């Protein structure tokens with residue numbers, strides 16, 4: 001009697017069939033415009049808008065044409081084109097934003113845990129950098145002028161400062177329609193965690209912690 005092993009043998013024709021099935025499953029739809037009214041966001045995105053209701057306007061977004069107000073502590077305007085603002089991005093793995101930074105203004109140190117970012121300087125001059133995630137905490141810093149780009153790897157702390165004399169306009173693009181953002185200073189000092197615990201967690205003197213909490217709207 002011939003014995004059979006438990007190994008799975010896949011013939012070329014079966015392999016081609018599996019690849020074909022996988023391809024058709026993954027490309028079952030060309031797009032999935034988000035419908036915020038019929039469900040919540042999941043790791044795979046929002047539910048799809050009924051195809052009969054989709055129009056060309058779902059794939060156009062005019063929010064980045066002009067900047068917003070820079071009358072704030074950081075002297076910046078951030079206009080986002082994420083899935084929440086531009087439903088046509090749903091499931092496509094891309095997003096964008098417009099940053100207007102007046103001289104001396106800054107995009108505070110922050111991270112995006114779901115995506116890498118690339119910035120393109122449309123106007124002005126910015127100094128931008130990120131800190132590596134390895135033990136050395138190496139800073140990679142560049143001064144960027146009109147037409148230049150820089151990338152920030154996913155999850156790493158990064159920032160942009162207008163070190164020029166004119167308002168800088170920067171286009172940011174992301175490898176996700178919802179890259180996720182955490183700004184470092186408010187996360188540490190804009191909360192209600194008792195100041196003595198923040199001191200222990202950051203090694204910053206408690207009196208200074210309280211000053212930062214007062215500045216950033218924290219308590220405790």
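Using the three backbone atoms N, Cα and C, a Cβ is placed for every residue, glycine included.
TrEMBL lists 110, 112, 117, 158 with the feature Mn(2+) binding site. Around the Cβ of residue 117 (Mn(2+) binding site), the same chain contributes 151, 152, 158, 172, 173, 174, 175, 179, each under 8 angstroms and 6 or more positions distant in sequence.
The oxalate binding site annotation in TrEMBL covers 112, 117.
Residues or ranges marked as disulfide bond by TrEMBL: 32-48. Proximity of residue 48 (disulfide bond) to non-local residues of its own chain (separation of 6 or more, Cβ distance below 8 Å) is seen for 29, 32, 33, 34, 35, 90, given in sequence order.
The domain 'Cupin type-1' annotation in TrEMBL covers 62-210.
The signal peptide annotation in TrEMBL covers 1-28.
When DSSP labels each residue, the domain 'Cupin type-1' (62-210) comes out as 22 helix, 56 strand, 71 coil, counted as helix, strand and coil in that order.
For residue 112 (Mn(2+) binding site), applying a Cβ distance below 8 Å and a minimum sequence separation of six or more within one chain yields 152, 154, 155, 174, 176, 179, 180, 181.
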